[in-house]
Amino acid sequence: MPSNRQHGRDFIQQRYVLSTMGFMALAIGYVQRFCLSLAITEMAEQSHHTVHQNAKFGTVCPDSRSFGNTTHFKKEMEFDWDEKTQGLVLSSFFWGYVVTQMPGGMLADKYGGKATLGLGMLFSSIGTIITPVVARSYGPDALIILRLIIGLAQGPLYPAMSRLLASWVPVEERGRLGSLVFAGAQVGNVASMQLGGFLMRYTNSWTSVFYAFGVFGIFWLMFWFVLIYNHPNRHPFISQREKQYLNRAIDTVDPDDGKLSIPWKSIATSAPVWGLIIVQIGHDWGLFTIITDLPKYMKSVLKFSVVENGLLSGLPYIVMWLVAMGSGFIVDSMLSSQYFTVTCIRKTFVTIASVGPALGIVAASYSGCDKVLAVASFTIGMGLMGTFVPSLKVNALDLSPNYAGTLMAIVGTIGCLSGVIAPYIVGIMVPNSSMEEWRDVFWLSAAILIATNLLFLQYGSGNVQPWNEKANRQYKNSDINNENNTDSILKPL
């Protein structure tokens, strides 16, 4: 008869504990990453001449008076930063984020994702807490440097999480568990907008969001370092049943962290890798444009108050989260049916995640001052982007479980260059913050989303690549020429 302790271990599946903690890691990371997007609308006012010029350069919407009994108040903003300066402040996070993804992925593959992710989140949380002091005491230049440092700290987040998932989650469960983990990003977006809006309104201070979200990150870290382990074979609390199941189900991951030689040449000449990189660029451009600049559009063009702005800017991410979770179960069901290949499923759901947002944001730009139609278009369009979670976000695990951290780092590093460029480009494209200028911004994002998706349809794959094995291990079946073994840069799929 099994002991009570063993029964408890069987009841608590450690891969679910990892997935839950990973979900929280992404949520906290994103709330710290993007809380500034809403806060900056209460920190820095648009230039005084902008409101006047809006009438000259395009449509001007009336002030909002329709949301509940919200009291609209006018106050002088604390900082006199123009649109270009605000764009630099918003984009500076990604300057650092680009730099540490590759080192973070390599560290995660060699030494495990637990410490790599945990230490990064520690520095991110501390940086978030001190943001108000830095902004007030040292100005925008110092804030840009601090945001860059927070970006450096968060660079390893996705690569380290991908490495942990590759070691803990079988392919048959990646749809729903991968969706759970990566949907944490959408929950973080919602919290940064909606909870951030309420915090600023009812504390009457933009500083509250940074203190609250930073402290919560420190609190979460205490549980992360106690509960999480890099591999099932090293977990002291895992049941023997779950350990045996995972060792059978995940036979493409080598537990010998630190002993793998990364096949750089094979990765660099892999068509599926480049297909994934390209579609990640498009996805990040569309997503980061909306996350960083939708609150500004809601305030400067549609004239929503801070509470309305927070609530309504967060709606797309609520729908995105629901779509991500639902599509995760659909993907797992499709895989279990064995009627669809992994490649077919990944390409289908990536296409929905690209075309849906493209159509939604363009439709919103033509809704004029119809605030209901604009919010509905943003919400439906960006909500459909949720299908990227069980497709694009787990594709690195499909291609190479052994090098998932490094591969996610490569893809993320190149893809998030969009986050560096997009906010700055938007600042240049909307000097007057007119509706017509914003329409050009949304058309550009839509074109990038669709073009990059077409290239993924040509080159993407859902198959484990031959270079997933150790560099010094030779394939016994060298004459295999099927799709699993011929995904090179010279052969599109």
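Note that Cβ sites are derived from N, Cα and C of the backbone, with glycine treated the same way.
Under the heading domain 'Major facilitator superfamily (MFS) profile', TrEMBL lists 17-464.
Sequence-distant contacts of the transmembrane segment (21-40) (same chain, at least 6 residues past either end, Cβ-Cβ under 8 Å): 86, 89-90, 93, 117, 121, 124-125, 127-128, 131, 147, 150, 154, 157, 161, 164-165, 180-189, 191-193, 195-197, 200, 206, 209-210, 213-214, 216-217, 220, 223-224, 227-228, 291-296, 306, 309-310, 313. According to TrEMBL, the feature transmembrane segment maps to 21-40 (among others).
Summarising the annotation, TrEMBL assigns transmembrane segment to 115-138 (among others).
The transmembrane segment annotation in TrEMBL covers 144-165 (among others).
For the transmembrane segment (177-197), the residues of the chain that approach it from at least six positions outside its boundaries are 15-16, 19-20, 22-35, 37-39, 161, 165, 169, 209, 213, 291, 295, 306-311, 313-314, 317-318, 320-321, 324-325, 327-329, 331, 386, 389-390, 393-394, 397, judged by C-beta separation under 8 angstroms. TrEMBL lists 177-197 (among others) with the feature transmembrane segment.
Per TrEMBL, the feature transmembrane segment maps to 209-229 (among others).
The transmembrane segment feature in TrEMBL is assigned to 314-336 (among others).
Feature annotation from TrEMBL assigns transmembrane segment to 348-366 (among others). For the transmembrane segment (348-366), the residues of the chain that approach it from at least six positions outside its boundaries are 279, 282-283, 286-287, 290, 327, 331, 373-374, 377-388, 390-392, 435, 438-439, 442-443, 445-447, 449-450, 452-453, 456-457, 460, judged by C-beta separation under 8 angstroms.
For 372-392 (among others), the entry in TrEMBL reads transmembrane segment. Same-chain residues lying 6+ beyond the ends of the transmembrane segment (372-392) with a Cβ under 8 Å from its Cβ atoms: 174-176, 178-179, 182-183, 186, 276, 279-280, 283, 286-287, 290, 294, 302, 312, 315-317, 319-328, 330-332, 345-350, 352-353, 356-361, 363-364.
The feature transmembrane segment is assigned by TrEMBL to 404-429 (among others). Only residues 6 or more beyond the boundaries of the transmembrane segment (404-429), in the same chain, are considered here, and those with a CB under 8 A from a CB of the stretch are 83-84, 86-88, 90-91, 93-95, 97-98, 101-109, 113, 155-156, 158-160, 162-163, 165-166, 262, 267, 273, 276-277, 280-285, 288-289, 292-293, 396-397, 437, 440-441, 444-445.
Cβ atoms under 8 Å from those of the transmembrane segment (441-460) belong to residues 271-272, 274-276, 278-279, 281-283, 285-286, 289-290, 293, 343, 346-347, 350-351, 354-355, 357-359, 361-362, 364-365, 395, 422, 425-426, 429-430, 492-493 of the same chain, restricted to positions at least 6 beyond its ends. The transmembrane segment feature in TrEMBL is assigned to 441-460 (among others).
For the transmembrane segment (209-229), the list of distant contacts is 14, 17-18, 21, 24-25, 28, 31-32, 35, 38-39, 114, 117-118, 121-122, 124-132, 164, 191-192, 195-196, 199-200, 235-236: same-chain residues at least six beyond its ends, Cβ to Cβ under 8 Å. As a whole-number mean, the pLDDT of the domain 'Major facilitator superfamily (MFS) profile' (17-464) in this prediction is 86.
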